[in-house]
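To keep things clear, I will list the structure first and then write my remarks on it.
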Amino acid sequence: MSVADNPQLALFRSVAKGDCASVLELIRQGIPVNCKDEANFNLTPLIRAAWSDNEDMIRLLIAHGAALNDCENQTGATALHIAAQQNNQRVAKSLIEAQAHVDAVDKNQQTPLMACAALSHLEIGKELLKAGADTDMQQKKGFTALHFCVEHNHLEFARLLVEFDAKLDVATKPEADRHTPFTMAALMGHLELLQLLSNAGADIHMRCSRGNALELARQSGVQEAVAFLDVLYKQRHIEESTMSIPRQFGSAAAAVGVGHRDFRDRDGDLRGRHGWRGGSGRPIWRHPQLRPAQGAGPGSAGAPGPQQQQQQQQQQQQQQSPRQRSATGGSELGAVEGISNSFRTWKIKRNDKPIGSGSFGVVYRAFTDKNQFVAVKVVKVANSANPQQLKQAIRNEEKGVRLLSRLNHRNILRFLKTDRDHLGNFLIFTELLSGNSLSGILEEYGVLTEDGIVNFTRQICSALDYIHTCNPPVLHRDLKCSNVMLTNEGIIKLIDFGLAKEILTSIAYNPTGIVGTPCFIAPEILDGRHFTDKSDIWSLGCTLFEMATGAPPNADKQSVNAVMFAICNKPMPKMPVRHSRNLHAFYNACVQKQPRLRPSAAELLNSPLLKAASTHTEV
């Protein structure tokens, strides 16, 4: 059949040649942009374009409605899979920027990240990870991206995965001998990978179907690997025979010698997922999923005083690049450096009262094996939830926390990691703050002075400017006074980045079915449009109004529907007349109905209201 007789064939040939003008003309003639090439594996034009490094063709097809995640072909691969396999970096970046599904799986359940790991396509791997690709997904045989790195001895890609908090002890399925990356590295005699994984905290004692790592290394015949593991095992044995359980955890666990799935010691205290093991009294900790920060944690004896903290922050500012300082306001960088996120077990006293609660869960204080206190939010998971929906929702939340854990700003709560407890509840670990939420301050002390409003707003804007200019950008999605903390030192912290919303709507137990208040929601969201950085700016304006009046805009309406109608169709309530013109102008700019008319956080930082903001907290 000739091209003239088959316009779709003409489209595919034009795509293959990179002829954008012909492709555009054929699309205008009505040729479907998502047609299938039945003679060539049922590929779409977009997937065909992904084989070549033609960024312009990809953008043209996407602009005319090409399906980013179409995988109805013989291999089940998406365009992003193909770009990852072919190492077409510009195409991959364009697809990621267009919101292609970074964790899409082909017929072997392999993701684009796994393809990059197997082929050591480092730059595309970085783009996928920055976009939130899941490091721990498993293909049919249970391989993760880290397994593929080990199998092909790709050391640098393995380093990248470790830096992005890949789980180190995931085991393959029985047909693949239940290998962890560490046992696989031992079997293949990859010395440098063994060193990398052991230093990162891999459990060297885990066994696969064929034995432990030392036994496997002997099978490989690589004497350097055998010697390394022999020394490593001896060192760990000495450590385990000399270490004791920290006093803060009590001696009952050592006396009982509880098993792997026991979650309470003799005193009835709740503890982390993997309990105490071994007769030596040493807790066998879970592997660190996140890279540890150095130094003492909050509340520890080694924590620096205020003067030392100020000196450390000044040193950090001097080390920042000019671009970093301009993007974040200079002094705003310098988050919690002392707290460690490499803890493997944790403990909550049975009779401890929650330190916070809300529609998304209850927050407790927990003590970790790093001898630090952290906060843990416990989100109750409903038994009736769809298992597949639950799995996907939890995976999305884990991805969100991984992204947030990389944020480093003094006005943003430090997110640490996620976990599940023995009841299946979803857990989010963060730094432990001392202070009160702005909503708590309003309730206890009344509305704020303008100096207080300006000071707090400046700090909130600095945090928003930082997250909105991250790569990829981060959105808060749930900004309001109850999600803004004021520490005892007068520092504002943004908390609860709308993280648990998906859990609440799809997997969490919520007896009322009501999710918060719509008073802070931007009109475009109520109209069904996507959330953007300008939606956060709307919520900032509502938060400022709450600080000034004690309640958010439209809180006087009698029903949720009335609130939503007012947001979409009526002028926003005005600020009290007692406040300055600059404050009125700032608020009015934030609550413009059209998102494009709202300023960015960076522009707000340069507004007359905030330029001369006091650095002291006044309430």
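Heads up, the Cβ atoms here are built off N, Cα and C, so glycines get one too.
Under the heading ATP binding site, TrEMBL lists Lys377.
Sequence annotations record features per position, and here TrEMBL assigns compositional bias 'Basic and acidic residues' to 262-272.
TrEMBL lists 303-327 with the feature compositional bias 'Low complexity'.
Annotation source TrEMBL lists domain 'Protein kinase' at 349-610.
The region 'Disordered' annotation in TrEMBL covers 262-334.
What TrEMBL records for 41-73 (among others) is repeat 'ANK'. The residues of the repeat 'ANK' (41-73), classed with DSSP into helix (H, G, I), strand (E, B) and coil, number 15 helix, 1 strand, 17 coil.
Remote same-chain residues near the repeat 'ANK' (75-107) are listed as 41, 44, 46-47, 49-55, 58-59, 62, 68-69, 113, 115-116, 119, 121, 123-124, 127-128, 131-134, 137, 139, 395 (criterion: CB distance under 8 Å, separation of at least six residues from the stretch ends). The repeat 'ANK' annotation in TrEMBL covers 75-107 (among others).
The list of residues near the repeat 'ANK' (108-140) in space but at least 6 beyond its ends in sequence, with Cβ under 8 angstroms from a Cβ of it, reads 76, 78, 80-81, 83-85, 87, 89, 92-93, 96, 102, 146, 148-149, 151-152, 154, 156-157, 160-161, 164-167, 170, 172-173, 395, 398-400, 402-403, 471-472. According to TrEMBL, the repeat 'ANK' annotation covers 108-140 (among others).
Beyond its flanks by at least six residues, the repeat 'ANK' (141-173) meets 111, 113-114, 116-120, 122, 125-126, 129, 135, 179-182, 184-185, 188, 190, 192-193, 196-197, 200-203, 206, 208, 287-291, 402, 405, 417 of its own chain at Cβ-Cβ distances under 8 Å. If you look up TrEMBL, you'll see 141-173 (among others) marked as repeat 'ANK'.
Using a Cβ-Cβ cut-off under 8 Å and counting only residues 6 or more beyond its ends in the same chain, the repeat 'ANK' (177-209) has close neighbours at 144, 146-147, 149-151, 153, 155, 158-159, 162, 168-171, 216-217, 219-222, 224-225, 228-229, 232-233, 236, 287-288, 291, 342. The repeat 'ANK' annotation in TrEMBL covers 177-209 (among others).
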Cβ neighbours of Lys377 (ATP binding site) where a neighbour is any other Cβ within 10 Å: 24
The repeat 'ANK' (108-140): DSSP-derived helix, strand, coil residue counts: 17 helix, 0 strand, 16 coil
